[in-house]
Ligand SMILES: [Zn+2]
């Protein structure tokens, strides 16, 4: 059973090939290279090195978001197109869960975040491997929620350092920061998580943005104001 | 005998998700277009992020439909052609990454196509192109005169310095409170009109093949504004007719002058605004009098579609110009020759 995993949901690029229970090859970077330029060449190169032909792939795992809208779409588009044309299953996994998957043995809450600008974050909160919350929220609200739980918290993600001061101020000695080696998503982790989840149909596999577009938000507000819901 | 060449075209540069299979650059085997226009209507225009979201939902469905309608499998194809630019970058990226993944999985060559080259080659799907050829490309994003001395060669001899013709149409439609997209409504109002407001023509400096429509747009807005201040009702038919006449006269006059100067064998119109009935009629009459063959593709091939991308891709692929897995969306891509 050969899995190809792809995560382009944020600045980092992660690609991995897992055969049965062995990671054959993995690519991981946080270089600011557009995913449209970097992702397919990385997939092509890894498969070539592993001497695997595209039609030998048995399943695709893809990070479905949240993250950068364009980034998420590139990975999902590549993933669903490969799955559809190769006629193989695709499993899409939350990008926040992939990040949190870097810290499976932490006794407490694992919180993965991606910066979403204007003091907001995409945040995933996990306890004992279970999803507690995955949402787009203000950092203030997130920290309040974590503080009230009283449990130790491990923060994961390359954007943690942007907000670390504020995080530390609220959570104090209850909070830890995953080190650099665990800050980037791993597509091997993505594949391991995908093995536990249900496959979707390639055509209906779409990103999970966790946010409506600004235009749609405004439009819905208008509709409400005008009285037709 | 040369083997038949089948190209899969993919187009996602704006608000249509499209895929098509074209044989030998001129025969449409299948042509699928999924339009998002209903979704964008509520916003009064195309919202890029919404467009990108729709593309990712539709892309594999549309490609599959193109294969199914053609009764073909990827093995029957010779190459995949995709719009590389210009266009909305987020939208372009969906078609490009789907095209790359599809080409990679099936071991097919990949060809990046310029959107305007696509619009021009839409004509190859109707009748053989003969060179030298002059193309008037008019759409929401473009107003260009392109001279082609040979297949795969492009020379930009004139372009808009401000608004594209289609953009001016949309803005004037807003002045008249017409629903989006406004172009067809203005065309209809103008064709039903019994008079026309005299608006200026922007000829620019002598000999120039460039265009400018922002002055005309301002004149229309001022006209409406002044009428409002005087408490007068404007006649929308007269306003639409006056605007459309100004646009058509400038486009036709410059196209005719270029056709004469470069002694072309064919004049073609391309792009969404080429679907405009008023413009088609005047161009047809003008070139009939001039005795130069004039063609404009049927409306379904004037608006964005993937058959035109496959047709242009066929020519570029035949010239040996292929891309690789690092192909990126290029919103400001220039129209370069491939021959
Ligand atoms: Zn177009």
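Using the three backbone atoms N, Cα and C, a Cβ is placed for every residue, glycine included.
Please treat TrEMBL annotations as automatic predictions, because they have not gone through curation.
According to TrEMBL, B:137, B:138, B:139, B:140, B:141, B:183, B:187, B:276 bind substrate; the candidate from B:151, B:170, B:194 that the record adds to this site is B:170. B:304 is the residue from B:4, B:304 that TrEMBL records in the Fe cation site together with B:115, B:119. Between the stretches B:280-299, B:320-339, TrEMBL puts its region 'Disordered' entry on B:320-339. Proximity note: of the listed binding-site residues (B:115, B:119, B:304), B:119 have a CA within 10 Å of the CA of residue B:137 (substrate binding site), given in sequence order.
If you look at the region 'Disordered' (B:320-339), the same-chain residues 6 or more away from its ends with a CB under 8 A from one of its CBs are 79, 82, 84-90, 92-93, 96, 99-100, 104, 109-112, 114-117, 146, 150-154, 156. Within 10 Å of the Cβ of residue B:304 (Fe cation binding site) there are 27 other Cβ atoms, across all protein chains. In this structure, residue B:137 (substrate binding site) is part of a beta strand by DSSP. DSSP states for the region 'Disordered' (B:320-339), grouped as helix (H, G, I), strand (E, B) and coil, give 0 helix, 1 strand, 19 coil.
Summary of the Fe cation site environment: with the site residues B:115, B:119, B:304 set aside, the chain residues having Cβ atoms within 8 Å of the Cβ mean position are B:11, B:13, B:83, B:116, B:118, B:139, B:270, B:271, B:305, B:308, B:309.
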